[in-house]
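Student: Just passing along the structure, written as structure tokens.
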């Protein structure tokens, strides 16, 4: 299997995991056009679509893809805002698609029903875990999002994170504001700048690298707590408190 990132909108990625015969599993097709173009120019033939959550920039292309490939199978979370013909999958379930086993993880926070998929060494994290960041909490709570990130952080370090947006440079600016002496983070920013200058995706990225540089996965570190503490209205009695304040800070941050 090979993996390609299909850029969509301004900063989205649609992920395609492609078998040797061209059949492909598509993750979060917010637009149909990038998938249709890949089918035309690269011989890609979608056989299944995986949906992490209901937002339009992740599911907006589904109907057009179904028109082109009527036998396309859909899999997504149990949520009335997901296309009704999708197979509903939940935490711990396993799917076998194109001889690859996908594990479903429940990761609420960004939305109440958000899920992630793990397969073949890849983590398709949607808008839960980003490169050097995490998603906004539109429907979930800080404890939910913290637990979801911890669940993803427990995966093997060599797992490659395939998230839904190209946010690395924007997230690096905030991460360095919080953790300015982190040498690994400084290197990642420089590498990401070079990659974007060359019009290359900064993804996927190893979970090991994220654990060393992403402040939202480092809320137990004393330097992160120390950076957050002056902003907190009350005592930071747990990592969840640190995370919640860090997320509020990110929401307000302007580089």
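Cβ coordinates are placed from backbone N, Cα and C, and glycine is handled just like the others.
Grabbed the feature section from Swiss-Prot, which reads as follows:
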BINDING   53, 55, 110, 127  Zn(2+) 1 binding site
BINDING   57, 58, 127, 165  Zn(2+) 2 binding site
Student: Using all protein chains in view, find how many other C-beta atoms are within 10 Å of the C-beta of residue 110 (Zn(2+) 1 binding site).
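Tutor: I count 26 other Cβ atoms within 10 Å of it.
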Student: What Cα-Cα separation, expressed in whole Å, is found between residue 110 (Zn(2+) 1 binding site) and residue 58 (Zn(2+) 2 binding site)?
Tutor: 13
Student: Could you round the CA separation between residue 127 (Zn(2+) 1 binding site) and residue 165 (Zn(2+) 2 binding site) to a whole angstrom and send it over?
Tutor: 8
Student: Can you grab the distance from residue 55 (Zn(2+) 1 binding site) over to residue 165 (Zn(2+) 2 binding site)? Cα atoms, rounded to a whole Å.
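Tutor: Between the alpha carbons of residue 55 (Zn(2+) 1 binding site) and residue 165 (Zn(2+) 2 binding site) there are 13 Å.
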Student: Can you give me the residues near the recorded Zn(2+) 1 site, meaning same chain, not 53, 55, 110, 127 themselves, Cβ no more than 8 Å from the center of the site's Cβ atoms?
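Tutor: Neighbours found: 52, 54, 58, 111, 114, 126, 128, 135, 138, 164.
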Student: Among the binding-site residues listed here (57, 127), identify the one with the smallest other-Cβ count within 10 Å.
Tutor: 57
Student: In sequence order, which same-chain residues at least six apart have a C-beta under 8 angstroms from residue 58 (Zn(2+) 2 binding site)?
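Tutor: Same-chain residues close to residue 58 (Zn(2+) 2 binding site) (Cβ under 8 Å, separated by 6 or more) are 12, 28, 29, 30, 51, 52, 126, 127, 164.
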Student: Could you say which of the binding-site residues 53, 55, 165 has its Cβ with the most other Cβ atoms inside 10 Å?
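Tutor: Ranked by Cβ atoms within 10 Å, first place goes to 53.
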